[in-house]
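Taken straight from Swiss-Prot:
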- Gly111, Thr112, Asn113, Gly114, Lys115, Ser116, Thr117: ATP binding site (BINDING)
Amino acid sequence: MNAYTKQKIGIFGLGKTGISVYEELKNKYDLIVYDDLKAKRDIFEKLFGNKLITILSDSRWQDLDKIVLSPGVPLTHEVVRIAHHFNIPIISDIDLLFEKSKNLKFIAITGTNGKSTTAALISHILNSNGLDYTVAGNIGVPALQAKASKDGYVLELSSFQLDLVKIFTVKVAVLLNITPDHLDRYQDMNGYIAAKAKIFDRMDKDSYAVINIDNDYCRKIFLLLQREQLIKLIPFSVTKILNNGISIVDDKIHDNNLTYKLPLNKNLQGLHNCENIAASYAVSKIIGVESKKILESISSFQSLHHRMQYIGSINNISFYNDSKATNAISALQSIKALDNIYWLAGGIPKEGGIEGIKPYFNKIKKAYFYGQAKTMFANTAKNIIDCVICDNLEYAFNIAYKDAVSDNTEIKNILLAPSCSSYDQFKNFEERGELFIKLSKNVIGSNYLLSNLRIFD
């Protein structure tokens, strides 16, 4: 018998996470469920019927043993108020996974940017070297739907998920970076920083914190943990060589007193990916993988879709899909990594637009702005870079490709780094990225076919 036997549990939020929680707990406990969005309730009803769907005003929400909250639900929501008023604990799907897998190792990664790539890279390194780690969490696979693992889990955790965990404890925690984000959910930066720092809660002297000390907010957390002396600390940097820690400087990995050449990988370009590599290297060493094996695995890593994803090249034009770059800070990382850029950007703009990218406009050959942000972005870029206002991404791509073909520069890059959310023209950033991939592959394929047909002329 476990802690949840015969308990009454409410599941609030019926997206991917809520559905995974329901499938985990059904037939074991007395459940009720709800979501504010009718579309989500309709999907649940189609899958499982409407018997358990219970509106919040129903008194059963006041008589629960626990509420499992989906991470997208703000902590100011009425369901949270009900839980607090009636002393009902709120837990998360991450806690449920931890409870049933306590004998396994948990590696968790958080940060404003780079989480998914780092989680995938760590998993790739470990699994390429005879271990069995499953990657899940905010990366797109709900924790409770992740395949069973023999050795452990690599979890990408957002601040929203960290807000909810109560018992989850990790062997290795990674803090990549912190920059302003989600300030519509948190009162100020201090609230956002505090949420990120929760990744280190409940860790002990046998646990490791891997922290980017180049980032001001992360460095403050590192210094606080250093004073407390409760866990083992491994700092990393991509701006200076550390005597005790991991550094990547001048295309070399510095591991305390050892130095290795940084492997070349087109899928891991840019300073931001050096941070991801440094963190992944540190974690892999902690788990017990030899340095040489780590470097080999870094070389063979294939990037995640929509995250600075190299699609291919034709006629000295390379295509990069960074559809996941939904804000300027994220887009800036891919822009820093390339030159002679034909830049596709647009959608629903975030606060500040692309102002933060202006110092790097010299890397952009021409910009193609589309969607709701097109006029705003063009006003920021005018008189600095050549730009075109477009109706949609496909039109922007076609004009950009035509311009790149007529450019005699030796190396050219067509980059989708939207700096916006996608919801004005797409369901999500994945759909946006898939269109870019399709357009890129069509161009690469047709050019390859033409070049081969000319052999027979």
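Numbers here mean position along the shown chain, with the first residue as 1.
Just so it is clear, glycine is given a Cβ too, placed from its N, Cα and C backbone atoms.
Annotated features taken from Swiss-Prot, shown on the structure.
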residue	record	CB count, 10 Å
Gly111	ATP binding site	26
Thr112	ATP binding site	21
Asn113	ATP binding site	24
Gly114	ATP binding site	25
Lys115	ATP binding site	24
Ser116	ATP binding site	22
Thr117	ATP binding site	28
For the recorded ATP site, whose residues are Gly111, Thr112, Asn113, Gly114, Lys115, Ser116, Thr117, find every other residue on that chain with a C-beta no more than 8 angstroms from the centre of their C-beta atoms, and list them by sequence position. Ile109, Thr118, Glu156, Leu176, Asn177, Asn276
